[in-house]
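Participant: Sharing the feature lines straight out of TrEMBL:
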- 28-47: transmembrane segment (TRANSMEM)
- 53-74: transmembrane segment (TRANSMEM)
- 95-116: transmembrane segment (TRANSMEM)
- 122-142: transmembrane segment (TRANSMEM)
- 149-170: transmembrane segment (TRANSMEM)
- 176-197: transmembrane segment (TRANSMEM)
- 217-239: transmembrane segment (TRANSMEM)
- 245-265: transmembrane segment (TRANSMEM)
- 277-298: transmembrane segment (TRANSMEM)
Amino acid sequence: MATSNIQRDGYFSLALLKEFLALTKPRVVSLIVFCAVIGMFLAVPGLPPAGLVLAATVGIGLVAGAAAAINCLVEQHIDARMARTRARPLPRGQVSNGSTLVLAAALGGMGLWMLYVWVNPLTMWLTLATFVGYAIVYTVFLKPATPQNIVIGGASGAMPPVLGWAAMTGQLSHEAIILFLIIFAWTPPHFWALALYRRDDYARAGLPMLPVTHGEWFTRLHVLLYTFILCAITILPVATQMSGWVYLSSTLILDGVFIWYAVSLMRSYSDQLARSAFRYSILYLSLLFAALLVDHYLPIGVRW
Ligand code: HEM
Ligand SMILES: CC(C)=CCC/C(C)=C/CC/C(C)=C/COP(=O)(O)OP(=O)(O)O
């Protein structure tokens with residue numbers, strides 16, 4: 001088995017731990033786990049059992065980290081060609097393929113085991129399907145093949161609140177599906193805003209992202225279209241009386257700002273604006289899910 005730079009130098013230290021942590025894409029996984037935890041709290045009327053929340057959170061987080069590590073392993077040669085990703089541990093030779101695989105197997109195995117034993121089999125199977133969806137279907141097959149890669153692959157990224165819901169109730173429900181749809185519709189504007197200002201990176205790496213295959217204008221139009229779809233979907237929690245005024249007022253403001261970004265990108269494009277829109281997409285999803293939670297415990301109902 002090939003050894004990495006750090007391992008060859010003989011210090012299994014904090015430096016190596018930091019490289020392993022980087023393989024799990026901790027910032028993306030934090031928001032994924034956050035959405036899963038909100039799904040857990042929304043699934044029950046009062047407070048869910050703390051032990052169950054802890055086991056489900058750790059289990060889902062470990063499997064998400066494992067999926068990210070597999071993505072880093074598979075894409076290391078692509079990552080080496082992109083400015084944004086070339087400093088990752090594998091392209092820099094800081095960790096070996098073997099240790100990345102062992103890390104992913106350990107995290108994934110432990111996470112799935114925790115979910116099966118301490119949560120419920122349904123959550124374990126759904127999390128395994130999510131893992132396969134991202135680490136194999138999206139990473140290996142869709143990403144190099146079609147500009148619709150993130151629309152289809154986004155189904156995996158949209159699963160966390162469904163996993164959280166299943167973890168608390170042992171079943172699915174229309175509310176869980178609404179939460180899924182919110183993230184599913186959010187993913188295209190989230191990713192295409194980034195792909196717009198990173199288009200040269202993607203072209204250099206030979207990846208068929210929308211700005212590379214169909215140009216900047218077409219991508220901006222799709223950001224706008226999906227933003228409108230997203231905004232329509234964010235009304236569903238209120239339309240189904242799952243959420244009330246606290247959520248509605250928050251989502252109207254958050255949606256308004258997202259539409260402003262999408263329209264501004266259409267009217268006059270700059271990389272700086274696309275970067276701000278991407279950053280806003282992350283703030284948007286975090287605050288939207290936070291608003292769902294606050295509303296759940298401060299229900300001021302909307303009556304029809
Ligand atoms: C297939 C679906 C998705 C694609 C293709 C995608 C793509 C990306 C890309 C390329 C980045 C830049 C990462 C970097 O610069 O290292 C990013 C960042 C980010 N994404 Fe996504 N994303 C997806 C789904 C999600 C989901 C579901 C979440 C959370 C619920 C999420 C949360 C984030 C966060 C928090 C960041 C910022 C990370 C940082 O600051 O380092 N993404 N995304
Ligand atoms: C619960 C569970 C198993 C979740 C797994 C799903 C998961 C980790 C989704 C994350 C989405 C993500 C990091 C996309 C990055 O896109 P990319 O991989 O194209 O970005 P890159 O170019 O930065 O590698």
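Positions of Cβ are set from backbone N, Cα and C atoms, glycine also.
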Participant: Does the structure show the transmembrane segment (176-197) and the transmembrane segment (28-47) touching, where I'm treating 3 or more Cβ pairs under 8 angstroms (sequence separation 6 or more) as a contact?
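Facilitator: Counting Cβ pairs under 8 Å, at least 3, so yes.
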Participant: Does the transmembrane segment (217-239) make contact with the transmembrane segment (122-142) through 3 or more Cβ pairs under 8 Å, each pair 6 or more apart in sequence?
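Facilitator: Counting Cβ pairs under 8 Å (6 or more apart in sequence), the transmembrane segment (217-239) does not reach the transmembrane segment (122-142), since there are fewer than 3.
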Participant: Please tell me whether the transmembrane segment (277-298) and the transmembrane segment (28-47) touch - that is, whether there are at least 3 C-beta pairs under 8 Å between them, with each pair 6 or more apart in sequence.
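Facilitator: When sequence-distant Cβ pairs are counted, the transmembrane segment (28-47) touches the transmembrane segment (277-298), since at least 3 lie under 8 Å.
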Participant: Go through 28-47, 95-116, 122-142, 245-265 and flag the stretch with the largest number of C-beta pairs under 8 Å relative to the transmembrane segment (53-74).
Facilitator: 95-116
